[in-house]
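*Asks:* Structure incoming, see below.
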Amino acid sequence: MFYQDPFDVIIIGGGHAGTEAAMTAARMGQQTLLLTHNIDTLGQMSCNPAIGGIGKGHLVKEVDALGGLMAKAIDQAGIQFRILNASKGPAVRATRAQADRVLYRQAVRTALENQPNLMIFQQAVEDLIVENDRVVGAVTQMGLKFRAKAVVLTVGTFLDGKIHIGLDNYSGGRAGDPPSIPLSRRLRELPLRVSRLKTGTPPRIDARTIDFSVLAQQHGDNPMPVFSFMGNASQHPQQVPCYITHTNEKTHDVIRNNLDRSPMYAGVIEGIGPRYCPSIEDKVMRFADRNQHQIFLEPEGLTSNEIYPNGISTSLPFDVQMQIVRSMQGMENAKIVRPGYAIEYDFFDPRDLKPTLESKFIHGLFFAGQINGTTGYEEAAAQGLLAGLNAARLSADKEGWAPARSQAYLGVLVDDLCTLGTKEPYRMFTSRAEYRLMLREDNADLRLTEMGRELGLVDDERWARFNEKLENIERERQRLKSTWVTPSAESADEVNAHLTTPLSREASGEDLLRRPEMTYAQLTSLAAFAPALEDEQAAEQVEIQVKYEGYIARQQDEIEKQLRNENTLLPATLDYRQVSGLSNEVIAKLNDHKPASIGQASRISGVTPAAISILLVWLKKQGMLRRSA
């Protein structure tokens, strides 16, 4: 039977991608249905209890700048906040927070249940309704059919998921949850390339059985950072420390002596695991010269005794896991409350997607999260927001939108996936971005909030706060530009006390702030340049914009040159065999990838600059050279 009301957008899956997709589509005024196998696990942190980190924190800030949910949720649930790379330049600084799993899930569910235009329904999905290469709905486990103009798949590790502990394995979407086997079979019937990936998680430890007195503590930062541009530290719950222990030679001997019982090394697992989050058995074998590995003992929440030992993800048998855990300092009497495991699951080649995350082959079908080959809550949330946005726009008969590589880490993520694909779980790093000086955490709102407003994602409150911040930045920069001090002025002595070389000529506030030794806080503590801005976000922008002005201008020039290629469009139906002068290898790769632009084509492995030149000349001769606005 069909449900009585049709929807504009259906989201299948209630993890980090699905919840962002649902919130986004509903926020844009589209009637949205979120289908989940269990309402109680909406926003569940399946693996580590943390949000953010290098590259990942940048994505969270971008999601927030576009009106998304993740930053607000972690501000309400974070039990330890830190700035990573704090001593380095602003481009690579990143926020990270330990999370209370229960509080995080509560924050997400509360937001979903209070979002207008959004209905949540608990039922596993087993089939899609596809008519003439267009998705028009979904079918649940009990045969109930829902109609919609667009469907977003955010199914995580559930597609034909298989859990491995030692040489034993069983079907599961994650520990304690069933897999989605009928939907996996249905998707394999569609003209989509599918493969398998693997990820893993460590055993969870009972905190009452750990001797914390012999371990080093790691505290959060003070003052506490916040994730959301709309947030403040008063929203944070109680803050707690993490603890540090290490593996040792005894640990490594246990692992080496039991490799024959590892499903990875015994050849039972076929899926490829994450390169940058390897299992402890992988670390011991790949880095044989290391006699120890640092392990962070992270609390799972304020009301839980569970500890997440970050760094010992494993699929070894339970008895071996016990030996590994008890070989480490402070853990000699530790008890495991949940065994670690590896999970294999289906993912679909993201090269079969448009940059909007819509399938190239099934109109109206969008993919986001681990189904696209990524790993991590933050990568999933960013894709979920983009897929939800474009599903909503499609249902409203509007053109899709995707950010450029020069505009956002989300743009880098999507371009990497859609252009290059992935053979292993993809995670974000700052090193993946060519323009990382422009793509900082601190300016995510300056880069994206105006566009978010145009797209209908940014509410009036955020928009007013954003414009106030812009005005504060502009007013303060003008004030510093027009405030001068001369070497002979009474205030010069106070200024010189903060400089490595004294003033030799008249200088403005901006001139002084450009000096490496002068901070904004120091400058505005001087009588001549007081008072400081009360808006801390605006003050940070003033300092960064002034100090890095030359570098930022140079990078902006590079971006403008590159945009010429990015905006030169390639016809979706072009058969590259028609283009004389291209090698067979280049023709095969271009026909396989079907790049949307010259810029995207230039990033495909094996497509040379010479091939790009040939292609541009051919397009011009054919009168097919056109650029997007």
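Every residue number used here counts from 1 along the chain in the order it is shown.
Yeah, the Cβs are placed from backbone N, Cα and C, and that goes for glycine too.
What Swiss-Prot records for GLY13, GLY14, GLY15, HIS16, ALA17, GLY18, VAL125, SER180, GLN370 is FAD binding site, and it gives sequence analysis as the kind of evidence. Here Swiss-Prot flags 273-287 as NAD(+) binding site, drawing on sequence analysis.
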*Asks:* If one measures from the C-alpha of PHE287 (NAD(+) binding site) to the C-alpha of GLY15 (FAD binding site), what distance in angstrom results, rounded to a whole number?
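*Replies:* One finds 34 Å between the Cα atoms of these residues.
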*Asks:* Are there residues of the same chain, six or more positions away from GLN370 (FAD binding site), whose CB falls under 8 angstroms from its CB, and which are they?
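*Replies:* Residues satisfying the criterion: ALA17, VAL155, GLY156, THR157, LEU197, THR199, TYR345, PHE347, ALA380, PRO425.
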*Asks:* Counting Cβ atoms within 10 Å across all protein chains shown, which of the binding-site residues GLY13, GLY15, GLY273 comes out on top?
*Replies:* GLY13
*Asks:* At 10 angstroms around each C-beta, which of the binding-site residues ALA17, MET285 has the fewest other C-beta atoms nearby?
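*Replies:* Among the binding-site residues ALA17, MET285, the sparsest Cβ neighbourhood within 10 Å belongs to MET285.
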*Asks:* What is the separation, in Å, between the Cα atoms of GLY273 (NAD(+) binding site) and GLY15 (FAD binding site)?
*Replies:* 20
*Asks:* If I take the alpha carbons of SER279 (NAD(+) binding site) and GLY15 (FAD binding site), what is the distance between them in whole Å?
*Replies:* 23
*Asks:* So how many other Cβ atoms are close to PHE287 (NAD(+) binding site), meaning within 10 Å of its Cβ?
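*Replies:* Its Cβ has 12 other Cβ atoms within 10 Å.
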*Asks:* Which of the listed binding-site residues (ARG275, LYS283) has the least company, meaning the fewest other Cβ atoms within 10 Å of its Cβ?
*Replies:* ARG275
*Asks:* Relative to the Cα of GLY15 (FAD binding site), which of the binding-site residues ARG275, CYS277, GLU281, LYS283, MET285 has the closest Cα?
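*Replies:* Nearest candidate: CYS277.
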*Asks:* Given a separation of at least six residues and a C-beta threshold under 8 Å, show me what packs close to CYS277 (NAD(+) binding site) in the same chain.
*Replies:* THR199, SER313, THR375, PRO425, ARG427
*Asks:* Based on the record's binding annotation for FAD (GLY13, GLY14, GLY15, HIS16, ALA17, GLY18, VAL125, SER180, GLN370), what whole-number value in Å is the widest Cα to Cα distance?
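*Replies:* The span, Cα to Cα at its widest, is 18 Å.
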*Asks:* Counting only residues 6+ apart in the same chain, whose Cβ is under 8 Å from the Cβ of GLU281 (NAD(+) binding site)?
*Replies:* ILE255, LEU259, SER262, MET264, TYR265, THR314, SER315, LEU316
*Asks:* Between MET285 (NAD(+) binding site) and GLY13 (FAD binding site), what is the CA-CA distance rounded to a whole number of Å?
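*Replies:* Counting only the Cα atoms, the answer is 36 Å.
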*Asks:* Quick one: give me the count of other CB atoms within 10 A of the CB of VAL125 (FAD binding site).
*Replies:* 25
